[in-house]
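**Q** Sending over a structure as structure tokens; questions will come in a sec.
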Amino acid sequence: MDPRTLKIKAAAEALTYVKDGMRLGIGTGSTAEEFVRLLAEKVAAGLDVIGVPTSERTAALCQELGVKLTTLEETPVLDLTIDGADEIGPELALIKGGGGALLREKIVAAASAQMVVIADESKNVDTLGRFPLPIEVNRFGLAATTIAIEKAASDLDLSGSITLRMTGGEAFVTDGGHLILDASFGRIPDTRALSSALHAIPGVVEHGLFLGLARVAILAGADGIRTRTQP
Ligand SMILES: O=C(CO)[C@H](O)[C@H](O)COP(=O)(O)O
């Protein structure tokens with residue numbers, strides 16, 4: 001089955017979690033975009049929901065397709081966030097941020113009563129870290145922040161390249177105006193320790209480890225849909 005079909009299947013299953021009147025967090029990325037397309041069809045058929053987009057890109061798609069939007073200022077408590085992921089590990093710990101929206105994605109997920117992750121089976125892993133961990137950093141002090149991240153990683157026996165994300169020959173800039181460092185650690189056995197160590201570095205705005213946020217992962221594979229849950 002081609003990758004897009006799998007994404008659509010996962011997105012369609014996620015729609016069953018959406019109920020009339022819900023306040024939604026709406027994720028970013030190609031899988032989340034399939035969800036927005038299906039959601040827009042339901043909205044056109046009469047479903048009444050309102051959403052907080054996790055990126056300017058998602059906001060633009062929602063506006064184009066007629067999905068009503070709000071902000072966390074107007075609607076600070078959400079019922080459900082649907083979003084993709086780059087990796088889904090034990091206890092539904094995630095790596096996110098491949099699309100560069102990790103800061104807003106984490107804020108929106110944390111403001112939601114439930115987070116449902118949608119992906120194809122290839123994103124399910126035994127240990128997080130094969131996908132480079134996105135770390136959003138302030139522009140100021142980039143070199144010093146990078147050294148501090150290397151030191152924090154080394155203290156946890158993690159090593160690997162840490163590279164500034166580029167796009168079209170220029171540094172990638174997030175919706176919040178920050179930069180992204182992609183850290184290729186290979187394996188991250190202790191995600192909580194790394195999360196705490198990164199949060200302790202002043203130039204780190206946020207990182208792509210999503211711990212204790214996802215409650216459901218909908219995984220689409222050649223054999224059908226599999227749902228993983230985390231109490
Ligand atoms: O975290 C993300 C964006 O910041 C995305 O959810 C993640 O990169 C997965 O994207 P895709 O569905 O395109 O594989």
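Glycine too: its Cβ is placed from the backbone N, Cα and C atoms.
TrEMBL labels come from automatic prediction, so no person has curated them.
Keep in mind that what you see is a predicted model, and the values were worked out from it rather than measured.
Below are the features listed in TrEMBL for this protein:
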type     : residues                                                         : note
ACT_SITE : E105                                                             : active site, proton acceptor
BINDING  : T28, G29, S30, T31, D83, G84, A85, D86, K96, G97, G98, G99, K123 : substrate binding site
**Q** If you count the other Cβ atoms within 10 Å of each Cβ, which of the binding-site residues K96, K123 comes out on top?
**A** K96
**Q** Take the C-alpha atoms of G98 (substrate binding site) and E105 (active site, proton acceptor) and report the distance between them in angstrom, rounded.
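**A** With distance taken Cα to Cα, E105 (active site, proton acceptor) is 11 Å from G98 (substrate binding site).
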**Q** Rounded to an integer, what is the Cα-Cα distance in Å between T28 (substrate binding site) and the residue listed as 'active site, proton acceptor'?
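**A** Each residue's Cα considered, T28 (substrate binding site) and the residue listed as 'active site, proton acceptor' end up 8 Å apart.
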**Q** Which one, from the binding-site residues T28, S30, has the smallest tally of other C-beta atoms lying within 10 Å of its C-beta?
**A** S30
**Q** Can you give me the Cα-Cα distance between S30 (substrate binding site) and E105 (active site, proton acceptor) in Å, rounded to a whole number?
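**A** Checking the Cα atoms of S30 (substrate binding site) and E105 (active site, proton acceptor) gives a distance of 14 Å.
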**Q** Determine, to the nearest whole angstrom, how far the Cα atom of the residue listed as 'active site, proton acceptor' is from the Cα atom of A85 (substrate binding site).
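**A** So the alpha carbons of the residue listed as 'active site, proton acceptor' and A85 (substrate binding site) sit roughly 10 Å from each other.
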**Q** Max Cα-Cα distance in Å among T28, G29, S30, T31, D83, G84, A85, D86, K96, G97, G98, G99, K123, the residues listed as binding substrate?
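**A** Largest Cα to Cα distance for the substrate-binding set is 16 Å.
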**Q** Sorted by position, what residues of the same chain at least six away from A85 (substrate binding site) have a C-beta under 8 A from it?
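**A** In sequence order, the residues whose Cβ lies under 8 Å from that of A85 (substrate binding site) (at least 6 apart) are L94, I95, K96, V117, A119, K123, F210, A214, A217.
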